[in-house]
Amino acid sequence: MDISIENFLDEKIMGVDLEAETKDDAIQVLSKMLLNEGYINNIDDYKKDIYYRESLGTTGIGNYIAIPHGKSEGVYKNGIAIGKFKNEIPWETLDDKGVKIVCLFAVRDEEGGSDMHLKLLASIAGKLGNDNVVENLLNATSVIEMTNILS
Amino acid sequence: MNIVGIAACTAGIAHTYVAKEKLVNAAESAGHKIHIETQGTIGIQDPIPDEMLKVADIAIIAADVKVSGKDRFQGIKTVEIPTDVVIKSPNKFIKKIEEIARKGD
């Protein structure tokens, strides 16, 4: 059975007005949400894989958006934690600006079996490449609003 | 202009799809017809239709990893570029391929 982006996005792992000074703070805040809601079972394992992907190239795609991601054995359930932060966070980005919205992808390290989730993640990633969507996200003031924009 | 292409990134989870969206928006707003196939961790999505290959003026490979099915672009002028460049300045990139395509005339 197909599920929609709206049903796939989980408002329990999304937040607005979050606080973080650094990239690591931001990843930690969102990783904790993923842990608390049962998406990942080990923050350290998960973060290690996220930072491995970070080492391969920049995940700051410009327009104040970052999409850190990676497949990890620390992931129990595929999902995407989305945080809108109060201030601009220093990040390696393609346009040399900082980052205000961090979309942290949690992807299980397995072959097949979760194609539907991966398709949904792919489709959300695509939306993050759309300037109008990004502009709306940057103006959003609640997680409900962010969900609607991405759905 | 008719543009075909493939997007593929290192992890095959996110950048592939961001690159595709950027390319499609930039090409369409410049008045071109474009079809981008993605080769990600889920495999191939939106494969390039044969009829599009037949009329293609130029092919783009926006990739950070090896892509499959490059042979389909035989006889088509092909531009290879990392996903980052396409994500960073899609409009500039489309302008550049317009020039490259024109040079072939």
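Note: Cβ is positioned from N, Cα and C throughout, glycine not excepted.
Given the structure is predicted, the values throughout are model-derived calculations rather than measurements.
A mean pLDDT of 94 is what the model gives for the domain 'PTS EIIA type-2' (A:7-151). Taken from TrEMBL, the feature domain 'PTS EIIA type-2' applies to A:7-151.
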The domain 'PTS EIIA type-2' (A:7-151), counted residue by residue under DSSP: helix, strand, coil: 63 helix, 36 strand, 46 coil
